[in-house]
Amino acid sequence: MAREDSVKCLRCLLYALNLLFWLMSISVLAVSAWMRDYLNNVLTLTAETRVEEAVILTYFPVVHPVMIAVCCFLIIVGMLGYCGTVKRNLLLLAWYFGTLLVIFCVELACGVWTYEQEVMVPVQWSDMVTLKARMTNYGLPRYRWLTHAWNYFQREFKCCGVVYFTDWLEMTEMDWPPDSCCVREFPGCSKQAHQEDLSDLYQEGCGKKMYSFLRGTKQLQVLRFLGISIGVTQILAMILTITLLWALYYDRREPGTDQMLSLKNDASQHLSCHSVELLKPSLSRIFEHTSMANSFNTHFEMEEL
């Protein structure tokens, strides 16, 4: 009875962990999709520079392909683990454990690789100044994608230019910065701010923002936290799966052992009862012979007297 209660408890815990797998995997996919616009625009602005290489090394190899593949696979694995737990299927549970172990090793290797790449990122602040060369094509019809990338980055990161908003006046033929540099954006806001109040423009350059982006954004920190949480949950799930496998395997062997023991006990009891039944006639005959011998001896002694 106690073993059955333990099995129920283990199954409930595995249900909860599989639910966590689904929730965390969906969260990772959502955050990765959220980061896609950031990464696409950053790569557009940093094309053919050392900054682009740093962005690719920091984000793309692990954050997008590997994490997305692992999370999609975890959703499927969680479903099979749930089915194995419901049906108490030893084969499904063993496959579930092995798959979790392989995924955990892949995640661990990716984490180590990412840490080494972050240490090796060769970007310095001086490299950010080279981004000014990408400003000269802003607003040209054939470079609409670059114009969109600059506007998106300046709006999202609340910055203007590379070092300062005057970079737009130095590197282009514009008389004032783009409207995306305005704190409160509306058509013609940049011209109005440039003529009346410069405080209505973002004062910080985008170079520092991009450098901070390479050091790690909130989205990247969230992904790292989710990755660590998934790893810890996988360890717990593997421990519980091994325990459940042992309990189910023991339960399947235990009834046979009990049956054999009961058969042996029944056989021994039957043999003992049968032996007693067989011994009863013999004992009665011995008692009769003993009585007859005693009576004969008594009769013989009386004749001698």
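In case you wondered, yes, glycine gets a Cβ from its N, Cα and C as well.
For the recorded site, C9 (S-palmitoyl cysteine), the DSSP three-state label reads helix. Among the features that Swiss-Prot reports, S-palmitoyl cysteine is placed at C9 (among others), with the record citing similarity to another entry.
Neighbour density for C12 (S-palmitoyl cysteine): within 10 A of its CB lie 11 other CB atoms from the protein chains shown. What Swiss-Prot lists as S-palmitoyl cysteine is C12 (among others), and the listing cites similarity to another entry.
Secondary structure at C83 (S-palmitoyl cysteine), as computed by DSSP, is helix. Residues annotated as S-palmitoyl cysteine in Swiss-Prot: C83 (among others).
Among the features that Swiss-Prot reports, topological domain 'Cytoplasmic' is placed at 1-12 (among others).
The topological domain 'Extracellular' feature in Swiss-Prot is assigned to 34-59 (among others); the stated evidence is sequence analysis. Taking H, G and I as helix, E and B as strand and the rest as coil, DSSP gives the topological domain 'Extracellular' (34-59) the counts 21 helix, 0 strand, 5 coil.
According to Swiss-Prot, the topological domain 'Extracellular' annotation covers 111-224 (among others).
Taken together, the residues in the topological domain 'Cytoplasmic' (246-305) have a mean pLDDT of 52 on the 0 to 100 scale. Annotated topological domain 'Cytoplasmic' per Swiss-Prot: 246-305 (among others), in sequence order.
Positions annotated as transmembrane segment by Swiss-Prot: 13-33 (among others).
Per Swiss-Prot, transmembrane segment is recorded for 60-80 (among others).
Using a Cβ-Cβ cut-off under 8 Å and counting only residues 6 or more beyond its ends in the same chain, the transmembrane segment (90-110) has close neighbours at 62, 66-67, 70, 73-74, 77, 80-81, 83-84, 227, 230-231, 234-235, 237-238, 241-242, 244-245, 248-249. Swiss-Prot lists 90-110 (among others) with the feature transmembrane segment, giving sequence analysis as the kind of evidence.
The feature transmembrane segment is assigned by Swiss-Prot to 225-245 (among others), with sequence analysis given as support. Residues 7, 10-11, 13-14, 17-18, 20-21, 24-25, 27-28, 31, 67, 70, 74, 81, 85, 90, 93-94, 96-97, 100-101, 103-104, 107-108, 111 of the same chain, all 6+ positions outside the transmembrane segment (225-245), place their C-beta atoms under 8 angstroms from a C-beta of that stretch.
Secondary structure by DSSP for the topological domain 'Extracellular' (111-224): 73 helix, 2 strand, 39 coil. Counting every protein chain shown, 14 other Cβ atoms lie within 10 Å of the Cβ of C83 (S-palmitoyl cysteine).
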